[in-house]
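First up is the structure itself, then whatever we jot down about it.
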Amino acid sequence: MVATMLSCLAQSYLSTSPETLTKRARVNLLNRPNTLLRFPNSARLTPLPRRRLLPLCFFNAGEDPDSNFQERSQEETNLEWPILKRWEVPWEWQTVSLTSLACGLSFILTGLIETAAIPYLGLKIEELSLDEKAEILFVDQSITTLVVLGVLYGVANTFQPLPEDLFRYDLKEPFNLQKGWVLWAVIGLVGAIIAIALTGAAMSLFRGEDPQRETDALVRLLPLIGSSSISTACLVGITGVLAPILEETVFRGFFMTSLTKWVPTPVSVIISAAVFALAHLTPGEFPQLFVLGTALGFSYAQTRNLVTPITIHAFWNSGVILLLTLLQLQGYDIKELLQATS
């Protein structure tokens, strides 16, 4: 039966005219999809692109792996320690040098001008009471703070707009784990107290005879400590408010951040702490001041908020004044205690 069918097909094919066969071939060619016409031979020779092997995760099977990679990279970036991040400082070393010199000169000249102006105001220092002397010291420190900060901000404003984390005083989110100024102020203060205590113990252990204590600012303020509530309030205002704002803005807010343009942030913390300790002109207190400056610098680098080191500095200074006042009221000889601990 198969042979019969084949013979019939062959007979019908042979009996068909060549013109009919040509027409049928054209119709079949037009009606049948021809991949060779649509895709040239070069398409068949081009190798398929190699697919990248991606990790399989059944929990995120419907998500884009590239977006997951970007999210992970962003999370890793957020987990980096802010303490290692540098500031984007717009000025060069010439500005840093001249501005630091201008701040130092304005500090010295302001004090000299105020001292020279006191006699012209009809004031005799030796005839003034302790409360009046404390009030004059408070006014003196206020004027000095305004002059020095005015010089600093006057120079900085020529580089507007400044980055947001330069000269930043922010009271928001005080207990944030990463940048909370209250949280890191407590951490920095506790760390500074422990480190300074260990430093003092090490110095007393390896030191021979106790040298005479330098005539630093604290010794000069001794007559005012505990003399009255007005004197105590003025001293707390000087040491616990004005001095921390001035010193932290200059040494941490300007000098330390400027150094990060050329050295890593931890190195800038160390350098600024050394300059901070030297600026107090008390060589015997250099180790303790250096440790305190280091704690202030690292707390500022962590939060990038000047309120943090200002808070640590304020509590440290005012705490010392209040402690000495309490000891004075209890009948202790403060000067003898200071010499014993020097």
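Placement of Cβ uses the backbone N, Cα and C atoms for every residue, glycine included.
Per TrEMBL, the feature transmembrane segment maps to 98-123 (among others). Taking Cβ pairs closer than 8 Å, the transmembrane segment (98-123) reaches residues 136, 140, 143-144, 147-148, 151-152, 155, 250, 254-255 in its own chain, all 6 or more past its ends.
Residues or ranges marked as transmembrane segment by TrEMBL: 135-156 (among others).
What TrEMBL records for 181-206 (among others) is transmembrane segment.
Positions annotated as transmembrane segment by TrEMBL: 218-242 (among others).
Summarising the annotation, TrEMBL assigns domain 'CAAX prenyl protease 2/Lysostaphin resistance protein A-like' to 233-318.
Within the chain, the transmembrane segment (262-279) has long-range Cβ neighbours (under 8 A, six or more residues past its boundaries) at 83-86, 93, 247, 251-252, 255-256, 285-287, 289-294, 296-298, 301. Look at TrEMBL and you will find 262-279 (among others) tagged as transmembrane segment.
Annotated transmembrane segment per TrEMBL: 309-329 (among others), in sequence order.
Pairs of Cβ atoms less than 8 Å apart link the transmembrane segment (135-156) most often to 218-242, out of 181-206, 218-242, 309-329.
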